[in-house]
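Reading through the structure tokens given below for one structure.
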Amino acid sequence: MSAEAACSDDSFGPWAGATCRGGFDFTLLFEETILSILPSVLVIVVAPIPIIRLAREPPKVRASALDWFKKISSICFITLSAALVGLWARNSTITQTRASTPSAVLTFVLSLVYVLLSTIEHRLSLRPSSVLSFYLGLSVLFDIARTRTLFMLEDATHSAIPPVFASSLALRVVMLLLESTEKRSLLLAKYDNAAPESVGGPYNLGVFYWLSTLFFTGYRKILEIGDLYPLDDELRSTGLAKKMSDAWRKVPDKAAPNVLFATWLKTFSKAMFMPVVPRLFQIGFTYAQPFLITAAIELAATPQTQPYNNNGYGLIGAYILVYSGIAVSVGQYEWRNYRAATMMRGSIIPLVYEKSLILDSCSSATFHPTAALTLVSTDIETITSGLVQIHETWSNLVEIGLAIYLLERQLGAACVMSVGFAIVVMVGTVFLARPTGTHLAAWIQASQVRVIETSKALASIKWLKISGLTDVAFSVIQKLRKQELVVSEKFRYLLGLSLILSICTPILGPLLTFAVFAGIAAHGGSTLTIAKVFTAFSIIVLLNSPLAKIVQALPQISGSIASFQRIQDHLNAEERHDPRSTTTGTSPESNNGSQQTLSDKQATADGDTMISISGKFSWRSETPAPGTGITLVTGSDEGHLADTTPDANGDSRDAPVIDISPRLDIPRGALTLILGPVGCGKSTLLKALLGELSSFDGVIEAKYSGAVTYCDQNPWLPNETVRDIIRGRSATDTSDADSSEKADHDEDWYRVVVSACELQRDMQIWPRGDRTPVGSKGISMSGGQKQRLSIARAVYARRALVILDDVFSGLDANTEDVVFENLLGNSGILRKANMTVVLASSDVRRVPFADKIVLLNQHGQVQHTGTPGDLKQVAELGWADRDLDAQQEKPGKDELNHEHGEYSESAPEKLRRSQTNHGADNNAAVQEVLQAVESQADTARQMGDSAVYKFYVKSAGWLTITIFVIAICVYAFCDSFPSVWLKWWAEANEKNPNSDLGKWLGVYAVLGVGAVAACLIGTWQLFIITINRSGLYFHNLLVETVSRAPMMFHSTTDTGITVNRFSQDLQLIDMELPSAALGVVMALSFGIAQFILVCVSSRYMAALLPFLLAVLYAIQHFYLRTARQLRLLDIEYKAPLYTQLMETISGVVTIRAFRWETQSTEKAIRILDTSQKPSYLLFCVQRWITFAVNMVIMMLAVILIVLTTTLREAIGPGYVGIALSNILAFSATMQATITSWVTLEIALGAVARIRSFSMQVRSEDDEARDGLAKAGLDARLVQPTPETVGERWPSQGRIELDNVTASYPSSGRVLHNITMIIEPGQKVAICGRTGSGKSSLFLSLLGLIAQDSGSITIDSVDLATLPREYLRSQIVAVPQEAYILDGTVRLNADPYHNKETLGSTDPPDSRDEQIIDVLKRVGLWEKIATRGGLDMVIDDKFLSQGQAQLMVLARAMLRRDESRVLLLDEATSSLDEATTTLIDEIVSTWFKDWTVLAIAHKLDAILDYDRVAVLDAGRLVEYDQPRELLQRPTSIFKELYLLSTNQASLSSPDSN
């Protein structure tokens, strides 16, 4: 018989037979149909898709030699294909089949399609053709086999077909190289910034070669954000947000459960489908492994001769193909999964941000200033974790089905035990998934509450420190942290239970399966063989992996869906509906011309009325806190505590806050002054004019369109430079005018505005002028500077309507008068521009300048309207004790300035001292320190720090971690050793079938139970004990660091960065780190055990250990240099996004007034895109290391099969089974190790940040010690004891300042040689213009700014030697801004005596009586008593600004027996006359024997003080009795007093 006859080449095969071509070849028919016709048909069918898609695309590359080479090679391909068609058609000399000619014809047709597709994709696509690259790669691989076959045919030497076919193969190799060549250097200029994955070919993307530049850059240098690749267009948030927003808008029922999740899946179905194909390939390659193990064991049992050696060579090729396929498919599957997750982040966060801009700010049920922060941080991270697990559900079910089928083939009915266990685990997991998701949502909610309270405290840290409330406020936060961990325990219990369920199957499943099989075999006459044992064991390993993944995936998916629902609830929250209507019946917001110019508005407006309002508004009733009877609302308006108090007839929560009847008209081009007592609803009325009161019951008719300028009572200042704040979003204005002319005009206007708002002097002092950042919430600015910046922004915007909410109250008298005159005087720029101004105030001094007066009474009703001359009765009001007639008789400001021109112009200039270079030098020094710290941090960022691991272990406790590690090692041993036990059992069965079953099964059972018990102990130690300990440890460390940090830290560090530590960093430590640590320790333990078994099975493999360790070390070293940096960049660049969100929400009323919603959203999206770059690239490099490690495993598997092929007689099938089954398990273990390790690295980044933060941020006391050492004194601070400071310090209140000089590190010296003595019981007022150093002197007494020289003593105790927090706890200070704790009235009134028992509801009755008495004295008790009394839970939204100030004063009053020094920082600046008088009376009587220092702007109230200190430019220029100073003709205090009281002349103090 001839070889051709023995080959059966015309049959499908695929094997050609043992006697055909050495027994190692395919049949010709198989090769021509499967290896030729099938790929050709697929390409011909698929090719039209990219051709149609690219048809309308513009050209993207310029002409090049590459294009010509492709065309030449395509023509050669057509020629050779045509030649092969002719040769096969006329062939009579070589063996052929019925598919030979069709195969050649299809190849020729394909060559024609190839030319068209290659040309189009080269010109119109950024990347190489995926279709052609895949085809050419497969074609080359397949045609190598076909070429071998053709040359091995007996009659091949007489035919031209083999050489022509070989030439075609060689040509396709060249074509593959040409088609795979990337075109970045050929791209047109506008595509130069295309992302690497946008221009990468399939092979580049498949092996992640496109990341190599990033890796080398990160290895060589410290990565900066500019070094990272640009985002792929598909990942840019602008397009993603629009796509998702459009889809969400079309959803009919937005309240349906989980409809947001369903909508997102539908909208981004393509992105979610992309991982499906690589996942299917991964399943195929994975489940090829049991067949390879079976073939290898069978090969090991054969002699080392031909043809068995050929089988071994084929097996080597199969192992290369399968394990390489696993590496590529796993990498591509995970990469595409995380691309989808990145798209989710880019599409959902803008939705949350945009919704936050339109929420109803007057409803707490729908709005909280920082609630959205948790949604875009914790919830988004939770969604990401769950989203990447979605494909694990269906794919693992497929894997489980395949494993069960394969297991049944090996063990028959005995597989029921594994199947049964799988069903039990799946049912249990599904049963646990919902409560797990629910408890995770509860944990996130508890975390949100804590983060909100933390953000609030950090935003007011200055006022907390001044008040000595730092410990109290942060102890509330620490209590919330403990509650959060208690809430999280339920979730952690369920997570641990799910884990135990998942490990029971791989441990107990095989035990019961083999036990049942052994029982059946004993009665059926069969037995366990080595091949059957290890094939079944490998299948069970494969069965366990998807089971474990499902158990892990379902809770994560459930948590992801719960977080989607939380975001959905936010998106469904009640929106603000503008109740205003224009004269055409539409809302002012309907006009898109938010940048309409002033002249345009005036030209289109009609009549003399700008806006009209009539109706009522009541704060809507929300669900009150139990027993409080009080409504939670949001807004900075006054009066809604006072005005919603139940009256005698019952609950009046729906009583109107404002009642405007009859109609109130705001005249156009005039100044309308709204007057009224504290808490009367002035701010609420302004909110109504802005359209902020959605539930306003009445009519608001706006006879204008477009934006309004608005200054809130509490200025909204984002953390930007002074210049950017003043210019606002005006840079985005569009105009037909020449841009350079417009820029010049804007610059001229900018200078005018700066001058009008008296900011030029401040800019000269600030180290960077108008480029100086203001800090979070303007923390680095004084109160007056913040107000003037807010006013300047409003003026700069040049809108027709200007609404000002008590904006002059924070300014000193001189500055207030000058700014008011510059803006609203007879020649003021707002007057000249004929702007309509509405000013709310409690100060009647501005009455003479108003065109219209609106007088509100205490119940929010319009008591009177008219001109200043009509309001004689205002003098009869209890809240305005000034004589209005006298006010109206005062000269205008022009006259005042003229008469006192010597002071307003010359006197201040004489007093101004040129600032030294101290500030600049200090600033440079700070920069050097910061650069040094940054350099140190950068080194750690790149190289890593093993101390971080020790730091985390320390937080949990060494004993806890030791028990955990030992337990996991025991678990690994008990779970790995059964493979050896099974080998011994199978070998024993070959000698004595089915004997000693009790021994074999008994030991197996002991190992299984031991594994479960050890895992249970380890899980408990980690998930319960470790999280509780480390969670409290790291939070307390952050609290301690932040609360003790100096003010300089808070003024220069963005609040969002610090909040990020309390939110994302702690979330990573709580949620990610323990699971990742468990995965890493488990995987390492199992990996070591499995590799030991592999080495025991094949001693030659042990020789690879040094090589393996070296390769793995090199990979991780190369990877970590970049990954660590990306991890930290990811965390760092998420902080600005959180800051932007917090700033936007806190200033949403201002943003909506100015119509800056679009600009704010665009800015947020830019920040989001920046944060996406390190986040996405971190995901990518993690996929790279997964791919790299899988390739290492491929090499190990190939080496092992090579050893099996060449040394199989020495190894034996038993050890081959152990080695290969453990290589299979080792592969899964290494994948798990990498997955857990990269997560652990991210989480440990949070630990490293906290560690670095706690080490680098020095405490106030540390800086105090440095100051003492610098002065040559003992650097130890005094420990406050009766022996060191006295029994009750300060007991007298004598204050002495001796040559005190102080400075801020960032802005230079602020106090110069201040010397003054204040005797016990004296009352001293500190006055001066804004920025003169009043607040700096105040802060120096509290140890909040650095003292360069001199000393401050109180009762002979040097303040520099005292711990800073102790100092502030002993001095009673009332700050300029009040801080209201979220808690009961009792806690707020008397927080200092609740430190040890926060939350206690049963304090002594006597103390309650004292609290009530004090609240009565300040006028708050009547409003509180009917709402729950001292047990009423309040927050900062329940009190108007004035009422909150009274609450702070009540705190001070309750400390009457604890100190003798009272500091008042402009405590009455925002109060009406009656309330100011009340506070003055309390200070003079309640604190009669105290030493009082008061910063004052209202100078008529301090004439009875003992002394007045006048500061200017940080120098003490006058210090004497106020009435004595008023007698001096050249007294600066006299000039300030005249301006403060609007008096043109002053004959004697007694006349006032």
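Heads up, the Cβ atoms here are built off N, Cα and C, so glycines get one too.
Here Swiss-Prot flags 581-602 as compositional bias 'Polar residues'.
Positions annotated as domain 'ABC transmembrane type-1 2' by Swiss-Prot, on the basis of sequence analysis: 963-1241.
Look at ASN91 (N-linked glycosylation site): DSSP puts it in coil. For ASN91 (N-linked glycosylation site), the number of other Cβ atoms no farther than 10 Å from its own Cβ, over all displayed protein chains, is 16. Swiss-Prot lists ASN91 (among others) with the feature N-linked glycosylation site.
What Swiss-Prot records for ASN592 (among others) is N-linked glycosylation site.
Sequence annotations record features per position, and here Swiss-Prot assigns N-linked glycosylation site to ASN719 (among others). According to DSSP, ASN719 (N-linked glycosylation site) sits in a coil region rather than a helix or strand.
Under the heading N-linked glycosylation site, Swiss-Prot lists ASN834 (among others). According to DSSP, ASN834 (N-linked glycosylation site) sits in a coil region rather than a helix or strand.
ASN1028 (N-linked glycosylation site) falls within a helical segment according to DSSP. Marked as N-linked glycosylation site by Swiss-Prot on the basis of sequence analysis: ASN1028 (among others).
For ASN1299 (N-linked glycosylation site), the same-chain residues lying six or more positions away in sequence with a CB closer than 8 A to its CB are ASN1313, ILE1314, THR1315, SER1349, GLY1350, SER1351. If you look up Swiss-Prot, you'll see ASN1299 (among others) marked as N-linked glycosylation site, on the strength of sequence analysis.
Of all Cβ atoms in the shown protein chains, 14 besides its own fall within 10 Å of the Cβ of ASN1313 (N-linked glycosylation site). Residues annotated as N-linked glycosylation site in Swiss-Prot: ASN1313 (among others).
Taken from Swiss-Prot, the feature region 'Disordered' applies to 573-655 (among others).
Residues or ranges marked as region 'Disordered' in Swiss-Prot: 887-917 (among others).
For the pair ASN719 (N-linked glycosylation site) and ASN834 (N-linked glycosylation site), the C-alpha distance works out to 32 angstrom.
Spacing of ASN1028 (N-linked glycosylation site) relative to ASN834 (N-linked glycosylation site) is 64 Å (Cα to Cα, whole number). Neighbour counts were taken as the number of other C-beta atoms within 10 angstroms of each residue's C-beta; across the glycosylation sites ASN719, ASN834, ASN1028, the minimum falls on ASN834. Spacing of ASN834 (N-linked glycosylation site) relative to ASN91 (N-linked glycosylation site) is 99 Å (Cα to Cα, whole number).
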